[in-house]
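As recorded in TrEMBL, the features of this protein are as follows:
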BINDING   ASP33, GLY34, GLU35, TYR36, ASP37, SER81, GLN82, GLU121, ARG144, GLU178, LYS289, LYS313  NAD(+) binding site
ACT_SITE  LYS123  active site, N6-AMP-lysine intermediate
BINDING   CYS406, CYS409, CYS422, CYS428  Zn(2+) binding site
DOMAIN    586-668  domain 'BRCT'
Amino acid sequence: MDNIDKIKIDELIDKINELNYHYYTLDNPIVSDGEYDKLYDELLNLEKKTGYVNEFSPTQRVGGAILDKFEKHFHITRLYSQDKSQNITQLKDWLIRTKKLRDQYNKTHEDKLEELEFITEYKFDGLTINLTYENGLLKTAATRGNGIEGEDVTKQVLTIPTIPTKIKEKSLLEIQGEAVMPLSSLKKYNEENEIPLKNARNAAAGAIRNLDTSQTKKRNLKAYFYQISTNSLDFNTEEEKLNFLKEQKLPVYPYKKVINKFDDIVKEIDFIKEERHHIDVLTDGVVIKVNDVKTQEVLGYTNKFPRWSIAYKYDPEEYTTTLLDVVWNVGRSGKVTPSAILEPVDFSGVTVQRATLNNYDDILRKKLKIGSKVFIRRSNDVIPEILGVVDENQENTKEIEKPDKCPYCHSELIEGNVHIYCPNSISCTPQLKARMVHFASRDAMDIEGLSEKTIELFINKLGIKEIYDLYDITYEDLINLESFKEKKTNNLLNAIENSKSCELNHFIHAIGIPNVGIKTARDLAEKYKSFDKLRESKQEDLIEIEDIGEKTAEDIVDFFNDPNIKKSLDILLSKGIKIKAIDTSEKSNSLDGMKIVITGTIENYKRNDIKNLIIKNNGDVTSSVSKNTDLVLCGEKPGSKKEKAENLGVKILENQELFEFLKKLEEE
């Protein structure tokens, strides 16, 4: 082999590994996919031509090898378990013990230990892995095992693209972290595979301990690192260790907090308890460590745990319970969806009796039956979801039947993709109720006082059958209804009357066109200026609008061509609805095309109000920070989004600058 070819191969490996770091770890690619593919193909062809394949080449990370067994691996340094506390009292006891040991040392030694300072990190719920680097190269990756001996899972870990095969540091290092399956990857995997994975924790562990590395790769794992074992490097604090890991381009989760007071630790525990529901990784607690490394060395270890570290574990968010029944609900689009009735189970003080199911295919895929013991997970304070059954062979269960008639109006149901629909949009009560709730909502016609309960009363007592019937309601109709006194009656009648004068974007949003939300409604209002012109819109014109694809364009055209909808809209407009074009003449262009993320609590502002301000000024609100984010609005307790924005160099507005920005938007 020509030495020039070898040099070129090594250069390409370094270059591609650098690009992988920017793409996978920083989420900030610095070349196009085409340029990357060109370099990758060049490397692949050179390897084929020369027969020289470096074991750390990115071409060797693909996955596909099926191993016969796992080899044993002995860790250089013992990997300890993590001590745990499940309440504040236990955490305080740990702090008292830690202070006592520090004070005892200070009484008998001249080189006094500093006042205790702590660092908090997320406790991830995956599989611990231990990487060994020597001379800057990844030698092995292993599971923790019993802390002394684990299993060599190097081939499996190499399928995780964020883990570098080469680092700058040349000394012998062991680096510990957690392999995790992002919740978005779990969802995607379950949508694409016949047998669903039950939870992200088991999915990550199962992937790493799978002898077939192609199956490991399919699960799209990530890893985050937090600890270093070395005799060659000196660190003063845990924070320095995390910074060192970042310098070596190892993935470190973008959250850490250095804290001095116990009360602040408790506040951070409460904050993370809520914030964890908004991240893409399963986390079951907070790790609290003494930040000072010298103090750590003095405190030492028990037989099982480091004395300088403890994990505060939250109550579990996954439980088992029994599926008692499945009921079918009808939404405003006519979609009929199943809802699981469960044997009541307590989630951190909240009694849960229902869980979401997507459709009948979801029921079949998860092999659910009435009477099945099931795993359920609750996240983001929403109705829980069923992950799967505990035992597929459980006895005394009953099949769940797919309905063929609407459970409310008994119309024959129709199939549509993976869902079933009730076609009776005229007199199916749940559809009417849901459409009215949407029509009256703040971002639509903004009819204050027209709640779901009131709408149900109108349907049952006043015989309302269509949205336009709202505008025929009289004082006499309302004053005779239960709970309606004169003030409430007049307030609601005034709100209904005031709603007749509305801006075009609000009216478009109110009438419930499929796939048309607040932003798309505004985009349509800006393009067409009048409702009559929008009703005559053509698909080829609609797809010219940014963010409107062929499916949405087709839905809009079909909506306005439906004879029943045409008739209903004509009657609605005849009730005196006056639609105003939105005024764009003085609209600020400062947010045009800007993708903005909101994080934390912003004083005197509701998050929905800020979203509407941004949309009104032609901005786009997104939920996560990435290379494409233009601006992050940062309130109190912003969480990991702020740190990720800092890492990516995204502009952040906070404090006075943030309030001035919002005030300016309000004035536009």
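Cβ coordinates are placed from backbone N, Cα and C, and glycine is handled just like the others.
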Would you pick out, from the recorded positions LYS123, ARG144, the residue whose Cβ has the largest number of other Cβ atoms within 10 Å?
LYS123
Taking the Cβ of CYS422 (Zn(2+) binding site) as the centre, how many other Cβ atoms fall within a 10 Å radius?
26
Give, as a single whole number between 0 and 100, the mean pLDDT over the domain 'BRCT' (586-668).
80
Select the closest residue to CYS409 (Zn(2+) binding site) from the following recorded positions, measuring between CA atoms: GLU35, LYS123, ARG144, LYS289.
LYS123
In DSSP terms, helix, strand or coil for the residue listed as 'active site, N6-AMP-lysine intermediate'?
strand
Give the helix, strand or coil assignment DSSP yields for GLN82 (NAD(+) binding site).
coil
To the nearest Å, how far is the Cα of LYS289 (NAD(+) binding site) from the Cα of LYS123 (active site, N6-AMP-lysine intermediate)?
12
How long is the line from the C-alpha of CYS428 (Zn(2+) binding site) to the C-alpha of LYS123 (active site, N6-AMP-lysine intermediate), rounded to the nearest angstrom?
48
Rounded Cα separation (Å) that holds between ASP37 (NAD(+) binding site) and LYS123 (active site, N6-AMP-lysine intermediate):
36
May I ask which residues of the same chain, at least 6 positions away in sequence, place their Cβ under 8 angstroms from the Cβ of GLN82 (NAD(+) binding site)?
LYS123, VAL287, PHE305, PRO306, SER309, ILE310, ALA311
What is the separation, in Å, between the Cα atoms of GLU35 (NAD(+) binding site) and CYS406 (Zn(2+) binding site)?
54
By a simple count, how many Cβ atoms lie within 10 Å of the Cβ of CYS428 (Zn(2+) binding site), its own Cβ left out?
21
I'd like the number of other C-beta atoms within 10 A of the C-beta of CYS409 (Zn(2+) binding site), please.
16
